[in-house]
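For reference, the structure is listed below as structure tokens.
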Amino acid sequence: MSSTGFNFQNGPGGQPYANGPLQNQVVLQPPGPGYNMAHQPPYNPMQAKGPMPPGPGLYNSGPCQPIPPVSSYQASPGQPRLNRPPMGPPHPMTPPQSTSPCPGLRMPPAQATPALPVSANSYYQHPPAWQYGALPLMGAPPPMGAPPPMATPPLAFVDNHVTSSPNLAPLQAPSAGYSAAPSPVYHNAMQPSGPPLPPTSLHRSTQPGSAPPPMNPVAAPHTYQPGMTAPYGHPPTGPTPSMRPTPPPMGNATPPLPFGPKTDAQCGSDACDDAAHTEYDNQENDIECPGHIPTPANGAQVPNSFDHLETSPKMAGPPQQPGPPVRHMGLSYPSLPPGYQNTSASPMQAQTQPYSHAPQSYQQPSAGPAQLSPSLAGLSLQSQTPETLRVVNLLQERNLLPPGPITPPTPCLPQDLQKINCHPEVFRSTLTNIPQTQSLLNKAKLPLGLLLHPFKDLSQLPVVTSSTIVRCRSCRTYINPFVTFLDQRRWKCNLCYRVNDVPEEFMYNPVTRSYGEPHKRPEVQNATIEFIAPSEYMLRPPQPAVYLFVLDVSHNAMETGYLDVVCQSLLENINALPGDSRTKIGFISFDSTIHFYNLQEGLAQPQMLIVSDIEDIFLPTPDSLLVNLNECKELVQDLLKSLPQMFGKTMETQSALGPALQAAFKLLSPTGGRMSVFQTQLPKLGVGALKSREDPNQRASAKEIPNLSPATDFYKKLALDCSGQQVAVDLFLLSSQYCDLASLACISRYSAGSVYYYPSYQQQHNPAGVECFQKDLKRYLTRKIGLEAVMRIRCTKGLSIHTFHGNFFVRSTDLLSLPNVNPDAGFAVQMSIEENLVDMQSVSFQAALLYTSSKGERRIRVHTMCLPVVNSLSDIFAGADVQAITGLLASMAVDRSVTSSLSDARDAMTNASIDSLTSYRTSVLTIQQPGLLAPACLRLFPLYILALLKQKAFRTGTSTRLDDRVFAMCQLKYQPLAYVMLMIHPALYRVDDLTDEGALNISERAIPQPRVQQLSVEKLSREGAFLMDAGSVIYLWIGRNCNPNFLTQVLGVPDYAAVPQNMNLLPELDTAESQRTRAFVGWLREQRPFFPILHVIRDESPLKASFMQNMIEDRTESALSYYEFLLHVQQQVSK
């Protein structure tokens, strides 16, 4: 990419980094303010107000961070307006049976000729029929007595000097020894046929001789004990087992390709020459191309061990128990061999037949096409998952919500692959059945994308220590459960299909301590695994954990009382900060000046140094401002105890946030680290000064919502500089006044940081907010952290990633720079199909996260997911994941709101549901009947779209503070899907009659599991009590005639009138009702990394309006009810 292209994407004056994949420089336009960057025409994710420009794709994000759309929402001058195609004649009601078998996992031969580029005729040269003008939310009056139309809102120079604080102390001074015979191909997990055979399926046939029999479980000699050294050490000494010399491969077997410098076609933009590693900023080569895979000379074995099963604090709660685990966040990996499981769950049987010790004694002939075809005949998606394609008339069925959690669809894969596929809470696709062609995807009108939670806290994580990390020499894919072992010495990549050699040391299996079983190694038995990276993955010594706290100490800040909470929390958790003996810490405070703190070892007490010239920031004593935490802990503790009193009587009202950030960046640049910034007001001094852009009087009546984009590019440019120096910035905003979060959030978004927002924070008058801040801060300080990280997502040849969502910086077209990665961050990507996948029955996706642990280890966490390929629309709809689709559309709508307008984003979301249901009606259903028909798997799609329209980020006609709206948008883009869905569609439960029936038994606690209710006031009862879980807040609504037993046994009050107005805590009463209710609320809170406040509300409570706004299915003054929205959608679908 040219320097011009990089500078364009980073904004004027930015560093030469790319914050989005640059696909075609022809489409680049001059930079505009904020996010207004050029848009890629090929990908148009959601329908807006005009026809789309020609292009092959449908669902394009607008600019997450990559190449945001600006001009693709309006039709070009003279472009004809397209109408919907006429409805066809009546057909039978039953969806047609798929002519394609269930995707079994056939892959092309290793030497198959790459598919030719799709010709121009294969792409839409004109907007498809669904790309007509945007549909107003209330167009022509809907039938059946629709309500009146809803109004849509428009949218003297001071010299540098250093002074000592009077109340502080004054300033003081590969081996080629073997070749494998062309023996029968052995299929491991996802095993496409080897080169000698044409493409076949991997489905295990039941015919004799057509597939390997199931394998017996591997009996590991030892069981891992937490805290003990792993028993799997070096392989046994002595000569390797004798192997019969064999001639080179014959026939059409693919010989190993010569290893040499990789071409651009093989490596893409990240060439993997060892000599190219000249600076640390190119650390993407660490993940992708650290150099050749080392193989010891003369076939000597290298120390190689599967160390242990790493465990970490389980955010999600206890292990699964019988019963419906509502929103259970904990993961387990049933495919682990018994020796690596540290839970009581019974180990899953291995899915592959073990090799014999001698390679010549294979007894597993490869299944050929003749044997596989009959076995696939009965694997149609409709026959396997009839419920997903059951036709639902949304206008007639009201109770659409299931009683428990909504589970994602299971990919139609062979049973052994389903068991080892990546967990959907970590890696998830919007479509679990991938279309064969882009035109088929276009016809389905559904977005194709991935949602990731790559650094999630896991209950079990296999960790491998090895001198060799086996990767494809062409595309650099990590070996995984879905590769094919052609024989003991060769394996075929499941992404690019290159045949690779199996390194000698990979032949040893540390699980069974046997030789010649590469297919049983943990790398090939787990879809999620972590490697301890060898030295080839390091371009400099691992970075230590460095923490810098930047504190607002102006008068407004001290009035909130936040500094007491921050200092006290640091004192309580200072020993729990992730790190090792090298951990460093430092502090900067600011008002109208900048205050540094000398904590050098040997000082009697901390020393404050003041820099008053904010126009020319410098570091007074650079070597003593960041100090070793272990060596200077007493000085740090003294400072934390004295800080709140030092500024308790300050009268400085101004805030110089920009200069303070510049000073912090200078301090952290040499080492990298984490910058924690606490701000309580609009910064008005120095660089980055901002002015109020909100008119409180226009919050509800404005036709359009302005000022969603940044007012200045200062914070984005500084974030790019921080990212280049491995510095992440986390922003804590505590203010009841407007602070222009749209501008300030850029400092965290582009540096892979986080944004925390606490409106109306006041220590004296808002104890619930203080508790929330305390709990969030404790989690923030003590959770694990990954430093100087990069992440790359790979996919099977023919698929392409084009847009990313989340907080990061895109360093090259597919590499995300993450100075810090935390377990609470989620990401999303949009994809397109560049080449036809007709020769494939499955595709794979792999996310590799390279990071430095807080202990100084370089680690690689790898997630791999396999999905089937289908060739019919009914199969595509059968595999639609409605929650993943909703989460991806929410991120895309945020980008559309910023780069275009909020009304465009709302129209696009509405049209997304209309278009998908229109495609289903016209192309899948074979009969036309009255009503709004949807497949069962998409029955909640219109409800979720309506919920998004009423969500704080996108709602109109309701008074919403601008900072509240922007923060809601940040959450939709940054949080993992499980938490996003609670924000979009809260969960409502009746809790006045909780019982132990169907309860979860966790840690000797019984957790009640009440049924989820519809979000409508008709479900409320004045005789009951209802709990609403809205993600970041929990409401407990008490009916006026609530059961007195609930009032006394749970709330501890005699009657309804005695319920306190501002009740935020359930009393600990020694009653069964109280224990059940508190257990249920506590269990809900354990499911997320942030602390939701509990509000007990009555009819006259001020928060009742907030509770009622979450009743998605009810009509408001400015929004349709669910039934009215369905009528509107039906009207457009029936056109």
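Each residue, glycine too, has its Cβ placed from N, Cα and C.
Pulled from TrEMBL:
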- 1-113: region 'Disordered' (REGION)
- 1-10: compositional bias 'Polar residues' (COMPBIAS)
- 86-95: compositional bias 'Pro residues' (COMPBIAS)
- 182-269: region 'Disordered' (REGION)
- 233-259: compositional bias 'Pro residues' (COMPBIAS)
- 290-373: region 'Disordered' (REGION)
- 340-366: compositional bias 'Polar residues' (COMPBIAS)
- 469-505: domain 'Zinc finger Sec23/Sec24-type' (DOMAIN)
- 542-781: domain 'Sec23/Sec24 trunk' (DOMAIN)
- 786-870: domain 'Sec23/Sec24 beta-sandwich' (DOMAIN)
- 881-981: domain 'Sec23/Sec24 helical' (DOMAIN)
- 1008-1080: domain 'Gelsolin-like' (DOMAIN)
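For the domain 'Sec23/Sec24 helical' (881-981), residue counts in helix, strand and coil come to 71 helix, 3 strand, 27 coil, using DSSP. DSSP assignment over the domain 'Sec23/Sec24 beta-sandwich' (786-870) gives 0 helix, 59 strand, 26 coil.
Using DSSP to sort the residues of the domain 'Gelsolin-like' (1008-1080) gives these counts of helix, strand and coil: 23 helix, 14 strand, 36 coil. Across the domain 'Gelsolin-like' (1008-1080), the prediction's mean pLDDT works out to 93. Summarised by DSSP class, the composition of the domain 'Zinc finger Sec23/Sec24-type' (469-505) is 2 helix, 12 strand, 23 coil.
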